[in-house]
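Right, one structure below, let's go through it.
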Amino acid sequence: MTTIPVSWYLIVSALLFTIGTIGVLVRRNPLIIFMSIELMLNAVNLAFVTLSSYLDSADGQIFVFIVLTVAAAEVVVGLAIIVSIFRTRRNIDVDEMNLLRG
Amino acid sequence: MSFTYIASAADWARIAPELVLAGVALLILLVDLLLPQTGAVPRERGAANFFVLPLLALLGVLGALAATIVLFVVGDGQRAFFGLVGSDWGSLYAYLAILSAAGLGIIFSPAYLKRLKLVHQGEYYALFLAATLGMMLLAAATSFMTLFLGLETLSLALYILCGFVTRRQSSQEAGMKYFLLSSFASAFLLYGVALIYGATGTTRFGARGTSAFPGVLQFLQAHPQSTTLLLIGIGLLTVGFAFKVSAIPFQMWTPDVYEGAPAPVTAFMSVGTKAAALVAFARVFAVVLEPVAADWQAVVWALAVLTMVGGNLLALVQRNAKRLLAYSSVAHAGYLLIGVVGGGATGLAAILFYLLCYAFLNAGAFGALSALERLDNSGCDREDLRGLWFRRPWLAGFLAFFLLGLAGFPPMAGFAAKYYLFFAALQGGHPELLLIGVLTSVLGMYYYLRLIAAMFMEPAREVQAGSLEVTPALAVAGAGAGAGVAPRASGPLGRAASTRTGGASTGAAVAVKTAAQATTRRAPEVEQAPETREQATEEGALAGSSLSWTTWLGLGLAALGALALGTVLPFWLVDLALKAAATL
């Protein structure tokens, strides 16, 4: 059985991260932006797990647990904010959020 | 991979301040449920809410402060939990700044919450303490894991606090913007950490001088040549950190969030987040990545210069006082970055001392604005501040005091703080940063002084204008408020208002103008009109009466702290900061 080189994993991770970044920058719906941010975090997780196995060190795997936990907490807070905005505005497009500027 | 993990009691003792805060935050949630109901008033609006909960939160902060001082005296300064959290003097010094800001923020809160009729205070204070806890964890982090954990703890709590005024759209918007942009920046920071981990094989920082818990520092000392992986990692880490300390060009969220968030929260977060993030920034770059300083120094230098120049220039054109202070805090982040570039014990000590001074000055300035802010987020424009001296002389005096301090006038803390920072720039071999810093500070004086001039020298024109300019369309909105307030205004309030405004008008006119102003400014938001009107009535009642005593207490404490730091304490505290910086 041939082993897949570490760099391949890192390239996939970098690609996922880039897709997430582009998603945040071009999409206007906060839910999609939020999903893109989650994609970025998961790209980081992939990098951590790969490096952890490559370096034979546990730091990376423990870091993944922390990132997952934080991401879950972020979902809770983020969706709550989005719902609360939708209740007052009936619209969550980020381009419409322009009360504060200057 | 095999582990033996036994945390000793000494480890727990080293994070005592954090433990106190976590405990009190949970206690507040519990007490909030158990508070007695007073008559027909809903429980969450009861009088106990405005007394018991803030008192408890304040006791938590004071307890953490006491634990910090005890650790200063008897602590061993070692790292807790196998090199994950520091309890060194550098971290403890940062705790002082963060806890001062948290304490002041909590003191400013009850009057503000009462005026805006905000409920759910158990959550408010618990989140306040949770954010403080996150900041302390971030400042004390000696591993990328704790750093990320602290960063997210403080951010998650602050997202909610920023959007806490659910009836104000700008507050919700601030929460949303902060949430999206901050998580975006966190992802960059995290990817940078992952790559640095790949390059160095560890996420621990590693302490200077000892080899007890080897980390990134030890690896870089052994392999000072930087790989591509490490360089990309440092780049992404810089982006993440620059966002958190709101350095230009990553500052776009700062003014929006500071303006939309409730003023006491802004008072707290503008200082606390900055203190925590900058101490972490300084620790990561000036200590841990010091062996590869040649690779990042130019970038941070550029960030510092851009932030100093840009922050001050952008502040010049602001009309809203909260926004102006937000841009001024961007500029202050630029001054602080000088310390990171300069590096060494002098640079780090200057950062620590500056943060402590800044805590009192900035929290005080936003605290003074918290007494002016209305529910619809108006009341802080330069137009509203005109002639404040004639209406509320004490408030205007305090605000002017803090603004002068931020500008760096000698008797207040701002001058001493700036002096040491610029001195560090010179010592670190960056005279050009000293020059840019001094020039931009002079630029900064212009907008601080212009705000002060508006408060003290320009007459309060709005009152007369209000009685003349009530057009039919505005009168519809204004009439409700005017009618509601007029009977009451003929009492002592009316007299007070007329004497304070130089006999220009009665309290009723003030209220009419308030409502009219609010309506013109936020015409599209029709659904908010009833609340605006209600608020206008309250504002009318408030213009005559004095502020709540807690706000005065907070302003007094902040002013006292700023004065003490500027006159009596600098020599001793800078000495302490120098010793503390050596342990970072």
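Note: Cβ is positioned from N, Cα and C throughout, glycine not excepted.
Automated prediction, rather than curation, is the source of TrEMBL annotations.
According to TrEMBL, the feature compositional bias 'Basic and acidic residues' maps to B:522-536. Sequence annotations record features per position, and here TrEMBL assigns domain 'NADH:quinone oxidoreductase/Mrp antiporter transmembrane' to B:141-444. Look at TrEMBL and you will find B:485-505, B:517-542 tagged as region 'Disordered'. For B:12-35, B:47-72, B:124-141, B:178-199, B:229-253, B:265-286, B:298-317, B:324-345, B:351-372, B:393-413, B:433-449, B:552-574 (among others), the entry in TrEMBL reads transmembrane segment.
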Verify whether three or more Cβ pairs under 8 angstroms connect the transmembrane segment (B:265-286) with the transmembrane segment (B:124-141), leaving out any pair fewer than 6 apart in sequence. yes
How about the transmembrane segment (B:552-574) and the transmembrane segment (B:178-199): at least 3 CB pairs under 8 Å, pairs 6 or more apart in sequence, or not? no
Region pair the transmembrane segment (B:229-253) / the transmembrane segment (B:12-35), three or more CB pairs under 8 Å: no
Tertiary contacts of the transmembrane segment (B:12-35), as residues 6+ beyond its ends and Cβ separation under 8 Å: 43-44, 46, 48-49, 52-53, 56-57, 59-61, 63-65, 67-68, 70-71, 75-76, 78-80, 85, 87, 95, 99, 121-123, 125-126, 129-130, 132-133, 136-137, 140
Segment-segment contact (the transmembrane segment (B:324-345); the transmembrane segment (B:433-449)) at 3 or more Cβ pairs under 8 Å: yes
Suppose I define contact as three or more CB-CB distances under 8 A, residues 6 or more apart in sequence; do the transmembrane segment (B:351-372) and the transmembrane segment (B:298-317) meet it? no
Beyond the flanks of the transmembrane segment (B:265-286) by 6 or more, those residues with Cβ under 8 Å of it: 90-91, 94, 97-98, 100-102, 104-106, 108, 128, 131-132, 134-136, 138-139, 141-142, 147, 150-151, 154, 158, 161-162, 164, 205, 237, 241, 244-246, 258, 296, 300, 322, 325-326, 329, 332-333, 336, 339-340, 343-344, 347-348, 351-352, 355, 358-359, 362-367, 370, 584
